[in-house]
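Colleague: A single structure is presented below for examination.
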Ligand code: A2P
């Protein structure tokens, strides 16, 4: 299976399939270095959020890398407290300022805040039309949230970023998204590092001289899932990108799919209180 490093979103925008996620990466040197190391290792997608409170350092890391801005795909997200029409417009400007950029590649609604996400979406559509963001999407939306959004939306979300890892494979939602040409992106793709000792993943890795982390990343990629593993260690950041020289068999993929237990590490989007 030849695996392309990029994927085309519904509006034609090209997104790298593998990026660096920076949730829980500390603002300051930790975030600057992680972003810089990732870009030096060949990553071209960086995924942050206003809520991660590290947008300033992510911007610094991008500039420190020397990689031209237009070669990098930057995602950030609208925080729950900023949802609503006017506050979304304001929050977007703040993210842009903190990152020190004049456009964002992908802006996502972070969580489906009841009674607010449709107003937020209207503002996102307006920002999209203005050209200051190249694609817009959602995160943590179930099928019913998307169906509700689509009743009034002029622009169909291009991405839904959801929790996916081998113990939460989300196959029904992934199918719905694929049917609607909404790209699937995984957060906590390594199960927050909690499943890296799973004997099946370790055993599959041994066949290819790869780690369990590399096996999981490859499983996402071969399953058409955009994947953004987080690490603050240079060797792991490099290791997580070194996944384009081997291929899982259909049998490997099936064995990993079967690790699914539908167990979430984060909150259910139907039941969160922040
Ligand atoms: P660290 O940042 O200390 O390297 P997820 O992306 O699912 O949220 O997982 C991130 C967690 O997995 C972090 O705790 C990270 O730790 C750890 N991690 C990331 N890559 C690797 C790797 N290649 N080997 C071991 N642990 C890793």
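The count begins at 1 with the first shown residue.
A Cβ is built for glycine as well, from the same backbone N, Cα and C atoms used for every other residue.
TrEMBL does not curate its annotations; it predicts them automatically.
Heads up, here are the entries from TrEMBL:
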| type | residues | note |
| --- | --- | --- |
| DOMAIN | 17-260 | domain 'NADP-dependent oxidoreductase' |
| ACT_SITE | 52 | active site, proton donor |
| SITE | 77 | site 'Lowers pKa of active site Tyr' |
| BINDING | 110 | substrate binding site |
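So that I understand the layout, could you describe where these features sit and how close they are to other parts?
Modeller: Across the residues of the domain 'NADP-dependent oxidoreductase' (17-260), the predicted structure has a mean pLDDT of 98.
All protein chains considered, the CB of residue 52 (active site, proton donor) has 22 other CB atoms within 10 Å.
Every protein chain shown contributes to the tally, and the Cβ of residue 77 (site 'Lowers pKa of active site Tyr') ends up with 26 other Cβ atoms within 10 Å.
Around residue 110 (substrate binding site), the C-beta neighbours below 8 angstroms that are at least 6 residues distant in the chain are 49, 50, 51, 77, 78, 79, 80, 139, 140.
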Colleague: What kind of secondary structure is residue 77 (site 'Lowers pKa of active site Tyr') part of, going by DSSP in three states?
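Modeller: Residue 77 (site 'Lowers pKa of active site Tyr') sits in a strand per DSSP.
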